[in-house]
Amino acid sequence: MVRPDAPIRVLHVDDQPALGELVKTHLERYEGGGDVDVEVISVTTACEARDRLDGSRIDCVVSDYEMPETDGLKLLEAVRCQYPDLPFILFTGKGSEEVARDAFRVGATDYMQKETGTDQYAVLANRVHNAVAQYRAETASERYGAAIEALENAVYVLDGERRFTSVDELFVETTGYDRETILGTHVGEIDADGTMVDHLELLTDSAESDTVQFDAEIRDGDGERRHYCYHLTTHQFAGESPRSVVGTLSDRTDHDGRRADRRYYDGLTDLVIDTSTTLMGAETDEVDTKLRWTLQSVAEYVGAGRATIYSTESAPALGGDGGDDASVTLADVEKSHEWRRSGVAPGDETAADCPGAEWWLDQFRRFENVRIERLSAMPPAADSLRERYERQGVSSVVAVPLVGDWSLRGVLEFASHDTERSWSDREVRLLRTLGDLVGHTLERRRRDREMARYETLVETVPDGVFLLDEAGRMTQVNEAFAASLGAEVDDVLGDPFLDLVDEGLVASGIAEEYVEGVDAMLSGDREKNVFEVEIDAPDTDGRRTYEAHTRLLPHDDSFRGIAGIARDVTDELDQRARLRRQNERLDEFASVVSHDLRNPLNVAQGFLEMARETGDDSYLSRVEEALGRIDHLADDVLSLARRGQTIGETSQIDLGRSVTRAWETVESHDATVEVADGLETVVADGTRFSEALQNLFRNAVEHGGHDVAVTVGPLAADRGFYVADDGPGIPPDRRTTVFDHGHTTSNAGTGFGLAIVRDIVEAHGWEITVVASETGGARFEIRFGRSDADRQTAELE
């Protein structure tokens, strides 16, 4: 019998070798099957498929529909003739409802129509795992059911060559043969007079009956001839050929009582088999309902007054090696499902309610069954548990561990209130089989819930999450990661990550960083790799910077791929840059202000002292001038410190009107301003733009004199405007420093006016330069730039 966790061997039939290779790759790489691996054998013809089926063990067939020499339905018919129950999935690219109906009519296990994208292969792999898991469970149940069908005593199974392949304990006790000795032995070697061999030949050749009963003698383990009654039944186990023989040997005493037992155990076996089908087919949200049905059905059949499932889902899933699961404590064992007859007291809500349950739980930690037929026989350590059973009217108990993934997932307990009730070994074995099914169901639901929580987490986190296989292909991404690329999830699955470099979405340096990071993690030099990557995807907010954290996927001896998270740090980096500039500006303010404030302050103090000493009030006018300079200096410093290179809400500004209004706020004396024709409108922060004009005008008056002439006009070659004066101008060697904080050549100026102008211009994304005017004065040119023009147009629209 194939173990439930044995590798799944899939026979894939498709006349396209490339598609066969693709299916093989995805099925063998699928990670949703737990610890069960998949091995895919790819063939291109139905003839090759039949040869493979005859020559090796196959757990599932996946076949295309349209093939040159035949079609998938004809192959399915051929397979069903020899292997009636073998899972067969029709996986076709040109299917229809009619094809699907025909497939299920002939006996297909499942039907899938090929689609685009790689998600379909995960669905196919999941269906293969489910189909094989159910097939193996049914096969195991079928074997067990066949072994006890119509059998009254010692049980054995003969293979097609009539050699013993299975015997039970009673057979060993009855015949005196060791199990190791009898297994593999031909039946003729213990047949005393050839009667068994003759009846086996008749049974094999008979077309009318598959059952025979007779009396015969065999040689027991001591060489003595012993007389038994034999019952032989031929049986076709799933996936095996030729037919096996299931048999019993017994004496004829108490025959009628044994027949009654037979009917009881037949019914209980059928119920367990039905339960396995019900539970294995239950969806996650159906498990609770199916478990309650199971408890009621089995409890009523075996005559139990109460059936309870205690779950340990809150316990850490550390598991064990099949011998001990000490991680589970009494506090972890809580009642999750229960059925009880009317008038029967409920079970405890948690095992922690009863200290004596420690003895009870200790048996299950070792994955052992508990059978209590007389409460008085319970050990002293379980006295409080015995007393609780007595108060609840319980007379006997059978409880079995629920094991999933080699971890204790709970306990299944049947409590009888019948004082005459006893539990046979066969009942306990069948209830343990039922417990294995329940444990598997609870473990499957736990994994499904974990996967759902994981998927919810991945899809709700704002960061991009991605998985890359060993070839660097994106096998799983969340919506946030796909959105950073300006794409949908399905559009990027299966694409190599480094193709993003070729497409210009990601900077080229990322390829070297990725390879170096993988090598470093594989060599053990680092546990994870952290690097920055710039992505400039269409239909997004432009170039963004992401900080990627990657780790290796679990692997043995070979690289299996990486998992990564990409966090958008663009705003964070911008904020860091702003803080750095602000700190630099504050440092600069500290040095400039400490110097520039000291001069007018000294002047004010000096003239104030002279006024006191001489009584000449004319000195107070000089004090007033110095205090005015301090006031202007303070205003400019506050303007730079509070707003710096920031702007507020923008709107469409008429340059001509803004020039006129700004000039009116400046103390211009006899100076004049001329506004040339051709000035356009601009999108700007009106308040800050007016502040920049005021500072340019004030600079012209302070350095050009009270009668300076100022001209404002459009640039000839670029989008923008200029502010020119006929003053002394700015020497070429000082034009790069005039915008520095505190730079001034005038006693009246603060040295911050042009620095404020530069910050406002750059905050708008513009550019400012200074050249000589036509009259030799200073000419400040402000260019909007092409990108700014496009931005302004977009904002206006």
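Just so you know, glycine gets a Cβ as well, placed from its N, Cα and C.
Any TrEMBL annotation is an automated prediction that lacks curation.
TrEMBL annotations:
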- 9-129: domain 'Response regulatory' (DOMAIN)
- Asp64: 4-aspartylphosphate (MOD_RES)
- 140-184: domain 'PAS' (DOMAIN)
- 450-503: domain 'PAS' (DOMAIN)
- 592-788: domain 'Histidine kinase' (DOMAIN)
Test the contact criterion for the domain 'PAS' (450-503) and the domain 'Histidine kinase' (592-788): 3 or more CB pairs under 8 Å, pairs 6 or more apart in sequence, then answer yes or no. no
Sort the residues of the domain 'Response regulatory' (9-129) into helix, strand and coil with DSSP and give the three counts. 55 helix, 26 strand, 40 coil
Is it possible to list how many residues within the domain 'PAS' (450-503) are helical, extended or coil according to DSSP? 25 helix, 11 strand, 18 coil
Integer mean pLDDT for the domain 'Response regulatory' (9-129): 86
